[in-house]
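Listed features, source TrEMBL:
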type	residues	note
TRANSMEM	A:12-30	transmembrane segment
TRANSMEM	A:61-78	transmembrane segment
TRANSMEM	A:90-112	transmembrane segment
TRANSMEM	A:132-150	transmembrane segment
TRANSMEM	A:162-181	transmembrane segment
TRANSMEM	A:187-207	transmembrane segment
TRANSMEM	A:219-239	transmembrane segment
TRANSMEM	A:245-267	transmembrane segment
Amino acid sequence: MEFLQFAFMQRALLAAVLVGVTAPAVGIYLVQRRQALMGDGIGHVAMTGVGLGFLLSTNPVWMATLVAVLGAIAMELIRSYGRTHGDIALALLFYGGMAGGVMLINLAPGGSNANLTSYLFGSLSTVSEGDIVSICLLAAFVVLVTLGLRRQLFAVSQDEEFARVTGLPVRALNLLVAVTAAVTVTVAMRVVGLLLVSALMVVPVAAAQQLARSFRATFVIAVLVGTGVTLAGTITSYYQDVPPGATIVLLAIAVFVLLTALAAPLARRRARAAAPPATEAQACDVAVPPAAAASGSSAGTGTDGDGVRV
Amino acid sequence: MTRAPAGGRIGRQRGGPSAAPKIPGAHAEPIEDTMETVERVERTEPEPVIALRAATATLGARPVLRGIDLTVHRGEVVALLGANGSGKSTAVRSVIGQVPLTGGSVALFGTELRRFRDWARVGYVPQRTTAAGGVPATVREVVSSGRLSRTKLGWPRRADRAAVDRAIELVGLADRAKDSVSALSGGQHQRVLIARALAAEPELLIMDEPMAGVDLASQGVLATTLREQVANGATVLLVLHELGPLEPLIDRAVVLRDGCVVHDGPPPEAVGQHALPGHDHVHPHAADEPLRTGLLT
Ligand SMILES: Nc1ncnc2c1ncn2[C@@H]1O[C@H](COP(=O)(O)OP(=O)(O)O)[C@@H](O)[C@H]1O
Ligand SMILES: [Mg+2]
């Protein structure tokens with residue numbers, strides 16, 4: 001445990017834990033709404049913020065947060081209003097954000113793509129005191145929202161129309177999820193990098209789903225997996241000369257594969273335990289006229305029009 | 001009498017849907033209380049629970065509602081019937097503000113929809129589309145979200161948890177409360193959606209095709225649940241494909257065709273072969289799609 005003596009390692013581990021907690025905590029709502037790739041889009045847009053930060057010589061973390069939040073709000077509005085050309089609008093936003101970042105950083109005095117690389121793929125060892133303060137504040141916001149409003153966010157992400165009929169402020173909650181996701185992206189930016197942020201939002205949740213039957217358990221397992229892989233990845237990168245961001249993401253994927261392999265027999269056992277009474281699972285015992293049986297046999301199951309009446 | 005805080009209506013649901021029949025008109029507007037008690041006796045109410053007047057709506061470029069009047073009075077059970085695509089779902093979704101009207105007006109409990117805030121009085125069961133969200137959720141978790149119309153942004157209290165348990169029990173899923181909704185059959189899933197609507201202990205239930213794709217056992221449970229709600233004074237607007245096992249409960253039927261009301265009165269007994277009980281035609285398992293045949297098709 002000698003690595004704990006180094007201040008940079010302490011900062012790196014703290015940042016890693018915060019990311020391990022926050023990324024899946026937001027990601028679960030994105031996955032629930034089937035917007036798993038939204039984090040990736042926000043990551044692209046945040047690049048413009050990083051570029052602006054360099055150009056204006058301000059802290060790139062805060063500038064990236066600002067731009068990512070604006071981008072996420074735009075994405076949410078496009079999702080809720082735009083129907084026909086929504087995906088084109090999103091594409092313009094993503095690639096505009098990415099190109100803007102590259103352009104701005106090259107315009108900045110002394111800026112180069114090398115600076116950008118540390119944000120694209122993470123650069124744990126260069127996390128500064130100031131970065132840590134920003135990351136802690138942002139992470140606190142994310143935890144507060146994702147835990148404090150979990151029932152409301154669950155309802156909105158599960159069935160938006162129903163949530164509106166309960167009188168919840170659905171639009172505000174949707175925007176809050178978008179903003180929280182944007183904040184998480186910038187929290188995770190220094191650890192796994194903008195291009196791999198989305199993986200940490202989605203993969204631990206996907207892994208947790210293999211075991212969990214409830215939303216609550218999915219949440220808890222996802223956060224445990226997230227924290228586990230970010231810590232393990234950071235420590236691995238201390239001993240081996242490997243990039244932490246990529247290590248973390250590959251570890252998360254390994255956990256996903258492992259849990260999936262473990263879960264298959266578990267699910268079978270569960271299904272057998274909860275086997276519904278034979279009535280529901282049995283094959284048809286309806287007498288089918290021979291002709292129909294012959295013509296329908298290749299199709300396997302009946303469709304709406306196949307003449308079975310109850 | 002105790003009153004719920006901040007606009008939370010109480011009325012019948014105090015003590016739960018399974019409690020004794022309600023005291024008529026026991027809700028939170030003092031001046032109306034007495035009026036309504038009197039009116040209820042005479043069964044003529046100036047303030048319908050649902051009042052949709054001359055409603056028109058377009059989806060895409062297509063006029064889907066072309067001037068619909070739909071009134072539901074307190075304690076009534078109204079069936080909205082019609083072929084697929086006739087605008088039934090659009091009509092009920094406009095009642096709850098999910099489809100904007102291009103003309104006409106909607107009022108709930110005498111309040112214009114735009115100013116209506118008392119959503120705990122309304123229980124909505126959407127037409128079932130997909131089985132679940134992208135993340136596992138238990139029966140209890142899904143049903144709990146129905147209670148948010150009362151808890152809003154706050155934390156649930158003991159009474160809220162009890163109401164959720166009661167709603168799950170009412171639809172006969174107490175033993176499945178901790179199971180993932182994705183492990184349920186189509187009919188059980190529909191029961192979950194109904195329990196979610198009942199969790200707020202609403203006075204008005206709006207259900208869009210609750211019997212579509214529901215196995216026979218679940219159909220029985222649903223009919224019983226609905227009968228209890230009606231016995232306790234609930235007002236119900238039901239979109240149905242055919243009257244089926246709910247027929248005895250229905251006071252009035254409104255039939256839509258191409259976005260117009262073509263019948264408003266007693267449940268049509270002779271609208272054709274399809275309405276006959278013998279022609280009941282509901283697939284026993286898991287038809288996720290609304291059925292394609294039935295009344296007026
Ligand atoms: N989002 C939509 N955009 C365009 N047309 C729609 C949309 N939803 C429904 N429609 C059309 O509106 C008509 C009425 O639909 P709906 O109210 O769902 O009918 P019902 O519930 O009676 O089957 C249908 O012809 C349908 O194709
Ligand atoms: Mg419909």
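Using the three backbone atoms N, Cα and C, a Cβ is placed for every residue, glycine included.
All TrEMBL annotations are machine predictions without curation.
Outside the transmembrane segment (A:132-150), and at least 6 residues removed from its termini, the chain residues within Cβ reach (under 8 Å) are 11, 14-15, 18-19, 21-22, 25-26, 28-29, 59, 61-62, 65, 173, 176, 180, 183-184, 186-187, 190, 219. Contact check: the transmembrane segment (A:245-267) against the transmembrane segment (A:162-181) gives fewer than three Cβ pairs closer than 8 Å, residues 6 or more apart, which falls short of the contact criterion. The stretches the transmembrane segment (A:219-239) and the transmembrane segment (A:12-30) meet in space: the count of Cβ pairs below 8 angstroms, excluding pairs fewer than 6 apart in sequence, reaches at least three. Beyond the transmembrane segment (A:12-30), the same-chain residues lying 6 or more positions past its ends with a Cβ under 8 Å from any Cβ of the stretch are 4, 36, 38-39, 124-125, 127, 131-132, 135-136, 139, 142-143, 146-147, 153-154, 157, 177, 180-181, 184, 187-188, 190-192, 197, 200-202, 204-205, 208, 215, 218-219, 222-223, 225-231, 233-235, 244, 248.
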